[in-house]
Number of protein chains: 2
Amino acid sequence: MYKREQTRPVKIGKLTIGNGNLVRVQSMTQTRTHDVAATVKQIHELEKVDCEIVRVTVPDMESAKAIKAIKKQIKIPLVADIHFQYLLAIEAAKQGVDKVRINPGNIGGIDRVKEVVKACRQKNIPIRIGVNMGSLEKDLYAKYGKYGVPRVMMESATRHVQILESLKFYNIVVSLKGDNSMIAREAYMLFAKRFNYPLHVGITEAGTLWAGSIKSAVGIGSILSSGIGDTIRVSIADDPKEQVKVGWEILKSLGLRQKGVEIIACPTCGRTEINLIGLAKKVEEIVSKVDAPIKVAVMGCVVNGPGEASFADIGVCGGKNQGAIFKKGKLIKTLKEEELLPVFIEEIKQVLIEKGYGGEVKKLKNA
Amino acid sequence: MYKREQTRPVKIGKLTIGNGNLVRVQSMTQTRTHDVAATVKQIHELEKVDCEIVRVTVPDMESAKAIKAIKKQIKIPLVADIHFQYLLAIEAAKQGVDKVRINPGNIGGIDRVKEVVKACRQKNIPIRIGVNMGSLEKDLYAKYGKYGVPRVMMESATRHVQILESLKFYNIVVSLKGDNSMIAREAYMLFAKRFNYPLHVGITEAGTLWAGSIKSAVGIGSILSSGIGDTIRVSIADDPKEQVKVGWEILKSLGLRQKGVEIIACPTCGRTEINLIGLAKKVEEIVSKVDAPIKVAVMGCVVNGPGEASFADIGVCGGKNQGAIFKKGKLIKTLKEEELLPVFIEEIKQVLIEKGYGGEVKKLKNA
């Protein structure tokens, strides 16, 4: 049913993206990169929320030269973000960066590109070409017009790719970002039809935390659900940890990654006889530290609840002053409302043990 | 580029969905429907956040008989949600409800369906068939197996549709919901290939506020971006006002609806010289009451900012202790950081006036 576009494998440090490998969540620091202590501190925070690849801006030589010191203190692959200045890319490669983001068409000619390619080839690191809807070549824009923006983005990416291919360099990742989800999706789809380089997916300038999270979920989600995407970055104007959390949630909601407990909860209606929202929030809090990928349902009525949440490993549903616990769609216990939560926690423990996550039991908070 | 599936028009009260009409945002009350005062109060709250269609559960005759009194006090179309009991559908129609949600295959035979159809035909109101991944016919499930769930959903919807079609009743809306976005999307796509009835799109049991919003955005967003959907409902376990807000944000992010100011903000990086997140939050607060659909950008650097946000009506970007204001991608003013916000507000006022939203100027909050 769901088919991911077949892309070629590309190594970024110890990770391989593309070729059906896991879709990876990445983010970017907001520190001055040459401030090694601050940058490492932020990367450590990102590692704690399971950021898997991290990018730093490299706007000057001081930042490029800081890469070795940063690399030594972090666990996840590091990417250098470079605009125009090819010498910074070469220095970043020398310093041991795991990937370079630079657009070969923008750095001042093929001789410079050759030098960058040589440095990346020596270190066996990939180059990400990053096309952005907001900075496209004027000639392409003139050719396809404002309704042809996805085509312009694809052609722009093609130009950059072909420069690298002319040097027999194929260790490439590509992004085609925009702040408009429909346009970005179309651009990614056009590119994926033509090339099999792994794709870095994102919606740029998504906005502030709440609106930006929704916009990113819509945009990145619709691209991923079309089978496209090997790594994602959520660009919301907030703490990068939030970007990582939203990224994971997008992947989880599509079943592309598993991480922690998934809570299924019905939206309640006038049939609901218990405080369902309160119960769902309590359950969410209780399992919030559990890393095992189990599905827990909190449903409002015994009639539809167990059936509609039959995909859940364990579930609870409310009735009149009472509730029931169900497992894989089958009712196993009926209880008074006040007994519901403690018994439910015991059942979650049981599920964790049965599924081989016994070590996670201690992470459950008692209600 | 983006093509919406061509569906037939269906009237729900004063609104028409399908046939390329606006995608409408709907929600559902959580009150006892027979408690008219509580139900009307919640619907009024929903109207304030631009809920466009509202559904109430009708689990008993008392609720069905409350519909006339509710209808009198509200402005938006009202839908009765009925499970199994055909007499409640008939009563709801008599009471003047604008749409009935009932699955004709589940109400105990064709004679009962005929009576429901007769009542709906007399009042010229549509029937929504609501198929849910959690409660599918066992024979279909056995036929297609667990990897064929989208097909099972489509076939299940088809059975219900054909019962109504056999009575020459075509005033139909259909939903094919599930808690799994990939499966739901596939089911909607299969159905849309076969029928042209307008589609009500939703992801069921999406979860609690944060995770559920992201899951709904991914699921509903990916279905809408495939061209499918005439009305949407976000099913998160929280205040239904939140469901409506998320619904609007999904539609806005795809450019399917306009409502209020869209803020484009870059995610900041080590190149950013100002407190961009703080500035973006301030701008968001200032324009939060404005209903005019303008695009406002808050960008971190003068180099890429104006270009990357050239689709914005007005934008601000930060530099070293200073900032600049740009309009449609062109720099118009450079200012000290402390002057930035008041001047920016003046420029937003100007944009509102130029675009014919002068009446909105008073809704701007002063910084």
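Cβ from N, Cα, C; glycine included.
All TrEMBL annotations are machine predictions without curation.
In this structure, A:Glu308 ([4Fe-4S] cluster binding site) is part of a helix by DSSP. The feature [4Fe-4S] cluster binding site is assigned by TrEMBL to A:Cys266, A:Cys269, A:Cys301, A:Glu308.
Residues or ranges marked as domain 'IspG TIM-barrel' in TrEMBL: A:7-248.
What TrEMBL records for A:262-350 is domain 'IspG C-terminal'.
Proximity to chain B, taken as a Cβ less than 8 Å from one of its Cβ atoms, holds for A:Cys266, A:Cys269, A:Glu308 among the binding-site residues A:Cys266, A:Cys269, A:Cys301, A:Glu308. Just so you know, the Cβ of A:Cys269 ([4Fe-4S] cluster binding site) picks up 21 other Cβ atoms within 10 Å once every protein chain is counted. The Cβ of A:Cys301 ([4Fe-4S] cluster binding site) has 24 other Cβ atoms within 10 Å, all protein chains considered. Residues belonging to the domain 'IspG TIM-barrel' (A:7-248) score a mean pLDDT of 96 in the model. Shown in sequence order, A:Cys266, A:Met299 are the residues of the chain, 6+ apart in sequence, with a C-beta less than 8 angstroms from the C-beta of A:Glu308 ([4Fe-4S] cluster binding site). The number of other CB atoms found within 10 A of the CB of A:Cys266 ([4Fe-4S] cluster binding site), across every protein chain shown, is 29.
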